[in-house]
Amino acid sequence: MAIQKKHGKGRLDKWYKLAKEKGYRARAAFKLIQLNKKYGFLEQSKVLLDLCAAPGSWCQVAAETMPVNSIIVGVDLSPIKPIAKVITFQSDITTEKCRSTIRHHLKTWKADTVLHDGAPNVGTAWVQDSYNQAELALQAMKLATDFLIEGGTFVTKVFRSKDYNSLLWVFNQLFTKVEATKPPSSRNVSAEIFVVCRGFKAPKHIDPRFLDPKSVFAELKDATPNNEAKVFKPEVKKRKRDGYEEGDYTQFKELPASEFIQTTDPIAILGSYNKLSFFQEGNGDVALAALDKLPETTTEIREGCQDLKVLGRKDFKALLKWRLKVREIFGFPTKKSTAAAKPELEEEVAEVEDMDEELRIQEELQAMKDKETTRQKKERRRENERKQKEIVRMQLNMAAPMDIGMEQSGPTGRDAMFALKAVEKAGVNRISKGKMGMINSNEAAKEPTVAIGTEDEISDEDGDDLERQLDGMYDDYRERKAAADAKYRAKKARTEHHDEWEGVSGDEKDEEKYSDSEELSEDSDSGSEGDEGPGQLLTDLDDTKESEDGLSKKATSFFSRDIFQGIEGLDEEMEDTDEAEETPELENDDIEMEEVDEVDEVSSDSDDGIPTRDQQKAARAAAKNGLSSYNGKLEVMQKGSDSEWEEEKRLPNGQLDIDIITAEAMTLAQQLASGQKTAADAIDDGFNKHALRDRDGLPEWFLDDEGRHDKPQKPITKAAALAIRDKLRALNARPIKKVREARARKKFKAAQRLEKLKKKSDMLADDEGMTEKEKADSISKMLTKAAKKKPRKEMRLVVAKGINRGIKGRPKGVKGRYKIVDSRMKKDMRGLKRAASRVKKR
Ligand SMILES: C[S@@+](CC[C@H](N)C(=O)[O-])C[C@H]1O[C@@H](n2cnc3c(N)ncnc32)[C@H](O)[C@@H]1O
């Protein structure tokens, strides 16, 4: 006989161990985890009520799954040890006190989810246990209806029993979706299942009978008795749970085994009778006799039938199996045949799918969905890429707009005529962004990895594409911004000409130089075009050669700075410079010294980096003379430099033309001059986190944004700030170049007119045919005429509409002075004029 131990080792299954491992207070935690995995109600809840929560594992799960700052209230008959972020109290969920305590905790909030895992004291008769469970579930639901929000979720545990369907019916009246499920962590031997009710209808009024256990679980009255049927199939007396049945005053009950075969409720017989007998009376029961003789009626079966009260689960199973076999032999309808013949007569039983299987299916579905999404994404990306390529082709005049969307593989696909990707990588992509980019032909030639159509390139496509799109978007943004912002345009122009704002020079020489250099670059551009190889699309305007060790021009110019002089491993050119520096016999005429900072640079060789008083004096004197000395020996910064820059930076008197216009520069200059700072300090300051940041390969939009804040904060002194302020004030007080030019033009024209007048009056004076008076009159007339100001041409007001809408500069068809106004303003002006003329007429 199989006896199930309540506390057997079988209960300490994997969920038990896992719960211990994860720190949950009960294995039940996994039931909620699995239910939530399937229905996902916890993540969407902000307020949760856990009825029958002890020891609290469901509260633990809720607290770690629900959004932060959610409200969780747990109640149980037993005390619950405190749980972080959970309110718990001890109460009976069927009482009014419990209801008011919950109300007190929730205040005006409504619960998104109500959980109920209550189990009344089980261990009495099964029927009673299940009834109590159903009743408790109904009580829990009653409480839930008070606190649930519309659309909320109620999860409850129920036992599969005869009351189950009644419960389900009630749930269905109050919720839009009701599903029963058994999580994998719920033991198979347990009759518990979980009902998840979603979409609370929140009716204004609920019929109290829905929530009254007496009404809900009331047994249906018997239908009108079928007396005819009773003749053929005598009625089995109904058992009474309380007390003895009428006329039956013994506790021992026996039933012919044939009746067990014929009955439709074999379980009830096995549960309520003591013995199934094979004893045949005189006139005999044919069915019983046949049963007795059947080979299926084995000795084991007979023994089992002798005392039903001592049988175990296995023995009951054997008896039930035997009954089914005999029914088949006797030709009684079995479950199988009935199901095949009349499925509609089957008792209504809620289908409870195994959740393992469900989860598996769900996971499979999810995987399929993910796959599909990935595929769609890929397709979308390809499509975008193709369009982008077509746009590039259009910009390069390689395709007409009509071609867009017609090609399958795109211009840069595998079969494409031009592998634009490779060219793009080499720099031409900048053309597509409407920018004049330059490709260093040598760089392009040196990079074998940019071979057209290589495998690597294709694998990099995704990243490149994204980067390109970002760059493109950033360029669009800049262009939009540029259109609206004059300051930004000026900055862009400076950046593109590598003419970042360093300071304002005293006169307009810079401007002239700037325009000269522009012309120069245009010339060299056109001039060099023909010289490039056939494969070149663009050419570098800078004709300085790259260093032989492969350093870029930028790198070469960086390493050619003085601070790198004397460091081993630098190229020959630099070594040469070093040698030159060390050469002692230098003629003063050939020496060109750099300004103050370089002077101080060499005066910093003292041990502690702070120059002595003498050294400072010497440095100042040297700065005055344009020389740099330190410790009695001469240091040469630049020798015989004939660069244009150097020459232009000098004033006619031979002094360097350097102007300090920022407070930082002024502070540094003052500090250097007064010896508070040495050149070494200045160099050290240059080596900060901003200087050594690796910016290679970073996109422009990122660098632009970073550059706004990624600057060292240089200290400034009050004196320096005041000096700069005064300087800028003086600078601003000067008229701008255009105004000065206009004034000069005016002066020049006036001088010209005067000259003309002079000539005319001389001619008149020499005219012999005129009297003196006539001569005087003519000259005075001429002077009055010359002194008369020409009337200014009237300004035309133009409304920019039609073809002129949004136009910049002179609108088409407009001559003379004009002003663009909106139509309202023009009409108003006309109105004013009309009004003025009316007043005049009166
Ligand atoms: C299976 S346990 C609940 C386990 C809980 N869900 C967890 O995860 O830790 C069932 C609980 O129901 C409680 N219970 C039974 N009847 C109750 C009632 N009328 N009011 C409050 N709690 C009750 C019991 O005290 C018991 O702690």
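Cβ coordinates are placed from backbone N, Cα and C, and glycine is handled just like the others.
Caution: TrEMBL annotation is automatic and unverified by curators.
Listed in TrEMBL for this protein:
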{"type": "BINDING", "residues": "G56, W58, D76, D92, D117", "note": "S-adenosyl-L-methionine binding site"}
{"type": "COMPBIAS", "residues": "454-465", "note": "compositional bias 'Acidic residues'"}
{"type": "COMPBIAS", "residues": "517-532", "note": "compositional bias 'Acidic residues'"}
{"type": "COMPBIAS", "residues": "569-608", "note": "compositional bias 'Acidic residues'"}
{"type": "COMPBIAS", "residues": "832-842", "note": "compositional bias 'Basic residues'"}
{"type": "DOMAIN", "residues": "24-200", "note": "domain 'Ribosomal RNA methyltransferase FtsJ'"}
{"type": "DOMAIN", "residues": "638-836", "note": "domain 'Ribosomal RNA methyltransferase SPB1-like C-terminal'"}
{"type": "REGION", "residues": "365-387", "note": "region 'Disordered'"}
{"type": "REGION", "residues": "446-650", "note": "region 'Disordered'"}
{"type": "REGION", "residues": "823-842", "note": "region 'Disordered'"}
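With the fewest other C-beta atoms within 10 Å around its C-beta, D92 stands out among the binding-site residues D76, D92, D117. Packing around G56 (S-adenosyl-L-methionine binding site) is summarised by its Cβ count: 26 other Cβ atoms lie within 10 angstroms of its Cβ, all protein chains included. Sequence-distant contacts (6 or more apart, same chain, Cβ under 8 Å) of W58 (S-adenosyl-L-methionine binding site) comprise A28, A29, L32, D50, G74, L115, D117.
The DSSP breakdown of the region 'Disordered' (365-387) into helical (H, G, I), extended (E, B) and coil residues amounts to 23 helix, 0 strand, 0 coil. DSSP places the residues of the region 'Disordered' (823-842) in helix, strand and coil in these numbers: 19 helix, 0 strand, 1 coil.
Taken over all pairs of the listed S-adenosyl-L-methionine-binding residues (G56, W58, D76, D92, D117), the Cα spread reaches a maximum of 18 Å, rounded to the nearest whole number.
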